[in-house]
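Trainee: Have a look at this one.
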Amino acid sequence: MNSSALLSLVLMLVQLWPCSLCTQNRSVQNTDQPFTAFRRVKRGWVWEPLFATEEQTSTVPVYVGQLKSDLDEQDGNLKYILTGEGAGSIFIIDENGKIYVTQKLDREKKSFYTLRAQAVNKTTHIPVEAELKFIIKVRDVNDHEPQFLDGPYTATVPEMSPEGTSVTQVTATDGDDPSYGYSARLLYSLIQGQPYFSVEPKTGVIRMASQMDRETKDQYLVIIQAKDMVGQAGALSATATVTINLSDVNDNPPKFQQRLYYMNVNEESPVGTTVGKVFAEDSDIGENAAMNYFIEGDSSDVFDIITNNETQEGIILLKKRVDYESKRRYSIRAKVVNRYIDDRFLKEEPFEDKTIVKINVEDADEPPVFTLENYVMEIAEGAVSGSLVGVVTARDPDEDDCPVRYSIVHGMPLKRLFSINEHNGTIITTKPLDREIASWHNITVTATEIRNPEKISEANVYIQVLDVNDHAPEFPKYYETFVCENAVSGQLIQSISAVDQDDSPEGHHFYFSLAQEVTNNSRFTVKDNHDNTAGIFTAKSGFRRQEQFSFHLPILIVDNGTPPLTSTNTLTITVCDCDTEVNTFYCQYGAFMYSIGLSTEALIAVFACILILLVFFLAVVAIRQQRKKSPFSEKIEEFRENIVRYDDEGGGEEDTEAFDISALRTRTVMRTHRPRKKVTTEIHSLYRQSLQLGPDSAVFRQFISEKLEEANTDPNAPPYDSPQTYAFEGTGSVAGSLSSLGSNMSDTDQNYEYLTDWGPHFKQLASMYISHRSVGD
């Protein structure tokens, strides 16, 4: 707190006892006069308003005020007791009721204190008055300076804004009490920023004081001061900075950098070539500096201008080919206009600018130029070789007018049909042309400068072959015509038409008639319908197949070409055996049979013979296939199965169901389990016999028991992994068992003479066993 600030304490006493004890109202006087007591008619308290200085530097408590009871006769029998907020620490009271403050007070931390006072007898310590509750309110002094909590500030305002335009508002706060005095009443002023800006003293609103141009200066730093106490002496203050940016508006027109531009373009430049660039400056930025370029006048047919949106340059392009020999210099007028215009500034000046661009055409060695880009020529078909087709002409457009050479360069087949004179461009045929093969021929002719062969130009030549009436009319197809034996005179038996490969500009017209040599004795007539069709009619009644099977009718067809051409086409008419209606299929069948000289019965006999031969052939093939099949195919399978079974010691020849051997036949197929024969009882019997013959060892017996149990409990185990293959030989073997596992006699007790009866395959085995027995004996 400010050491010079004053703290005014107002002692406000609030009567807390019942209202029946109150006889009059009490009031607090805010005055600088000495102590004044207000007494009541009845017994009660007396208080007085006092002021004290804040931040007392002395160590002695500062006197605040005094409480006095009406019963206090100043004889020293009463004493006062103070309780409540800050009692004994901040506030103390002596025996005479005087209140002192012992510490510094800060209204911003606590604005009032609630206390209680009581007057008691010193001897008996019995209260003589009811307890009094009162409030000590801390009156504010100016001990806080203003603060700009949101600073520093940034604002933007469009340039050229009118005077008084609001820019932004700044606000400061003061921690003092706004409801008392002027400690929290602020006043704003402008320290820096004149004469461009102003600030409203009470609201802190910053406004434009004059129009400003962004192109001159685009940013301003304004300093605002806030003072409390309404700016009076001793007031506290604070400052804030406001950065004000001017945003751009379109208040500047574009201006060309040059009033005259010079450019060059080569006459060989293709359409779209960039001739040059022009540039107009605009002090504005962003879209306010966007501009469009235009070309005024007749030059817009030859040149065009576009705008580069990134660089805002005007690019002049070649819109049409230029010719040095025709025109060597162009003068164009270019104009630039702002794309977005602000109507507020149109009254000052137009937002556009103009400049002159002079373009010189540069001479170049150009290729020859044909008089036409495309030539169309005509020649009649059938023209003799060497006939004139037409002439192409090209010349060098340069001043030296270099001579040119002509040639045909495209289409190797076409070069055999046409040739060109390399000096004068005359095109002639090399062989006769046929319009019906090709009615148009397209060739490309080139013209090359003799002194500079790199300069070449091309022209298309379209040659039309004109039609000549060189094809006579004819039937469009082969007609199958039939007539019944019982046909009557005047009966229509066929309609015919004609086609002509030639092209008639007026359309084809054909005329039909019988040939002159058969007109008088023909049994048929031809009626022309005058619509390029004709009908064939019978001239007489009754036809007999036995007398004449078919008739060949010559028909004369004439076209309307120049000169007209005539052709004779033969129509074959077949006589059919029919009753009332003509059956075309039956008639065709009969005609075919008659032509080969066979009757129906004969044809049936031929088909029957063919069928018998076919059956005989199939039977022979089937017999041969049967003979090729091996008679031992089934036994081969049996042999293979038996061989696989002999790989193990179990089962014998008749034990074919003990296990499935499909897995042994092919390893890639998982065999399916087949249930074994129930041979457990027999196995155990043989197992006991093997124990009698085997070594007397518990380990050996335990081993065989475990293996036998595994074989019995594992249904998928292969048979050759089971001990039963060694302990069980099986039954049904003719030769008997060769195993000694189930034998309870020694070799000396056996007779091996029967081995000699087994044949030569067992001769060696018999000699070994017989000799062994003899030695033993």
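Our numbering is plain: 1 for the first residue shown, then up by one each step along the chain.
Here the Cβ of each residue, glycine as well, is placed from N, Cα and C on the backbone.
Heads up, here are the entries from TrEMBL:
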- 1-22: signal peptide (SIGNAL)
- 69-148: domain 'Cadherin' (DOMAIN)
- 149-256: domain 'Cadherin' (DOMAIN)
- 257-370: domain 'Cadherin' (DOMAIN)
- 371-475: domain 'Cadherin' (DOMAIN)
- 475-585: domain 'Cadherin' (DOMAIN)
- 602-623: transmembrane segment (TRANSMEM)
Trainee: Using DSSP, how many residues of the domain 'Cadherin' (475-585) fall into helix, strand and coil, respectively?
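Mentor: Across the domain 'Cadherin' (475-585), the residues distribute as 5 helix, 46 strand, 60 coil.
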Trainee: Which residue counts does DSSP yield for the domain 'Cadherin' (69-148) in the helix, strand and coil classes, in that order?
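Mentor: Per DSSP, the residues of the domain 'Cadherin' (69-148) fall into 0 helix, 36 strand, 44 coil.
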Trainee: By DSSP, what is the split of the domain 'Cadherin' (149-256) into helix, strand and coil residues?
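Mentor: DSSP classes over the domain 'Cadherin' (149-256) add up to 3 helix, 46 strand, 59 coil.
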